[in-house]
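Novice: To start, I am sharing the structure in question, which I have written as structure tokens.
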Amino acid sequence: MKVQSKAISKPKEHESAIYRNANFPDHLVETYSDDVHTLFDVFRHSVKQFGNKKAMGYRNLVKEHVETKMVTKVVDGEKKEVPKSWSYFELSDYNYLSFNDIYDKALRYAGALRKLGLNKGDKFELYAPTSAFWLLTAEACLSQSMTIVTAYDTLGEEGLLHSLRESGVRGMYTEGHLLKTLVNPLKEIESLEVIIYRNDAKEEDIKTIQEIRPNLKLIKFADFEKMSPPVEPDPPSPEEICCIMYTSGSTGLPKGVILSHKNMVAIVTAIVKHVPEVTSKDYLLAYLPLAHILEFAFENICLAWGGTIGYANVRTLVDTNCRNCKGDINTFRPTIMVGVPAVWEMVRKGIMSKLNAASAVKRSVFWTAYYTKAKLMRHNLPGSCVLDTAVFNKIRSMGTGGRLRYTLSGGSALSPDTKRFLSIVLCPMLIGYGLTEISAAAMVQNPACFNLDDSAGSLLPCTEMKLVDCEEGNYNSHGHPPRGEIWLRGPSLTRGYLNRDKENKESFTPDGWFRTGDVGELTPEGLLRIIDRKKNLVKTQNGEYIALEKLESRYRTSSLVSNICVYADQTKVKPLAIIVPNEPVVRKLATEQAGLSPDASWEEVCHNKKVRQLVYDDLIRIGRSHHFANIELIQNVVLVPIEFTPENGLVTAAQKLQRRKILDRFKKEIDAAYAE
């Protein structure tokens, strides 16, 4: 493999050389066309170039089917049969809008915003789940030089109030079911004058808001769409603020990251130039939160490619949650999917579950084909397509629509085993590394140089990087290989956090470098391997450091684990794991190997000592297979009978662990596990 990063300076004391993409050593890219300098220019340029081609597709809900069954639950220490309801969704086929259609809609929405009194320079918050209408409303704002403010629809009252108060928004787009979350914030926020809500809302929520704020304009989206004909754009300059993107807030109140139009055009340009293999013939499945920089950036990148975006919902991604129709993946049949590690682990475990239920002959055929293809890919030899046709295409057709060409994983660490497995069975999985502060990505694997290693890829041509010595863990930027804290600089880098002087001084240097807080290792090929975050490097009782995210990414590959939080007490020698078990697999194990009744409650299964031992044994097996040091092997496990969700506050909307909240919630169980 050719070297993919090039040093453009000499190393200094305590820091490495500065590195850039080997194909762009002399400059950092800022735009891909002379007429593209803002994110609205990206939109307008694509409309001119692709016209009547399909740009976006979405589905309508036809009917919600509710099924109720009796389940066993422990209530006040006694087992009781209680009713539990499941919802299944019947959806239409995809409805498509052309590039010309979406441009017309965006400028109609822009005219409506103007009629409602919103003007150039105003801030407009998008507080809603991902949809075509979210992005088109954003484009409407950008066409009139308004700044968009993003907030996760799972943010909750405190975080929402913080984003509204700090940014001073005048308008908002939301969903009817979220109006109730706005009731208390509206008592304090006087700047918010217009709320546009899509889909049905409860009359009591509407009435309450009108009583609190009688002069506030509360508009149904259906009415909003009809308010105005298209208006002329009043576009911004490159240095103007495109968006204030609130992070998901895993360590306190979310920070508002200020991203200019120049920042966003730089990241779009970098991906377009770095991944020329993706074209206007590709189809991107959109289901991650648009309030997350990864999704926001890649939907705009897809528009620049001239690809088609198909909007999906996490609840209807797969066929199992649908009735009288296929799920979003099998209906849209994407060629490109972007996801976070939690999604890819779920996909891998789904494939493994079906494989383990197959006959011995089919399993043998699968694994023979798997290891053969792995060898061919490792040595860049021909023949993989024969194995795809004979074995793997059937799996792709069943789960992903059969057209996937590339997947991308970002957001946090993914197990190398999962990347390797899905790259062989489905399609090449490109690993990326980035942050909101760098407008989504600093590194992405280059498809032309794809391999099965565990690096986060090569530098994008809009970013330069250096490694700086890190005392935590004794990482040396002059070592072999070089290791240290990752510092980034370039045109995609934010100017800073909104109203956060202290954090800005801590995170950004006077000469333009951003201290990421992440620790990386540079390979001889010029690829970056992420080791961990500085704050997740924990010194144990014997003085040695362990990397929590590294352990979690490996242990999460267990078929018994749905989610995991590794905790290391500095007064102890080893860490322990707080685990959300994979219920179907663990229930089967509890019945067959722990002697529990099939009717045992889920709480009983999770608290059973034999079940815990079986889960512990599997984690130790995985740790040893990865040659973990003794201090990296789990001391004990805590099995919890609830999921980690944004709704209960145990993960952020971006699926990042809320470590402190998890530790506080399960403190009693953690103390007991350490005491055993």
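Cβ coordinates come from backbone N, Cα and C, glycine included.
Grabbed the feature section from Swiss-Prot, which reads as follows:
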BINDING   Y246, T247, S248, G249, S250, T251, G252, L253, P254, K255, G256, V257  ATP binding site
MOTIF     511-560  motif 'FACS'
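Surface or core, plus neighbours and distances: that's what I need for these features.
Specialist: G256 (ATP binding site) has a Cβ environment of 24 other Cβ atoms inside 10 Å.
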Novice: What kind of secondary structure is Y246 (ATP binding site) part of, going by DSSP in three states?
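Specialist: Reduced to three states, the DSSP call for Y246 (ATP binding site) is strand.
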Novice: Provide the number of Cβ atoms within 10 Å of the Cβ of P254 (ATP binding site), excluding the reference atom itself.
Specialist: 25
